[in-house]
Amino acid sequence: ASFBZAPPGBVKSGEKIFKTKCAQCHTVDKGAGHKQGPNLNGLFGRQSGTTPGYSYSAANKNMAVIWGENTLYDYLLNPKKYIPGTKMVFPGLKKPQERADLIAYLKEATA
């Protein structure tokens, strides 16, 4: 199922998901440094593997996907299947509602 068929995302729920499942390795704050994973500020519309100052896997650079609602929705289901060879160890969010909520939060928080 694609993002177009996803339930509406809830920003507050998405923020909770980010804090519990993503914030250990990622930040969304403009100008903040990278953690284990890259800073996600400015994520939407950016090509995978291009955040300045972060050392990406070749897989992430070579994928050359443009991040948006549709690509993130598919990626977050199973990151290792979407980008084989990615350094991201997170197994993914299986529930469509959780992915929609996280994307709603990221869209606001990374802008």
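Cβ atoms are placed via backbone N, Cα and C, with glycine included.
Swiss-Prot records N6,N6,N6-trimethyllysine for one of Lys21, Lys80, Lys87, namely Lys80. Checking Lys16, Lys30, Lys94 against Swiss-Prot for the annotation N6,N6,N6-trimethyllysine singles out Lys94. Minimal Cβ crowding within 10 Å, among the recorded positions Ala1, Cys22, Cys25, Met88, is found at Ala1. Nearest by CA distance to Met88 (heme c binding site), out of the modified residues Ala1, Lys80, Lys94, is Lys80.
When the recorded positions His26, Lys80, Lys94 are compared by the number of other CB atoms within 10 angstroms of each CB, Lys94 has the fewest.
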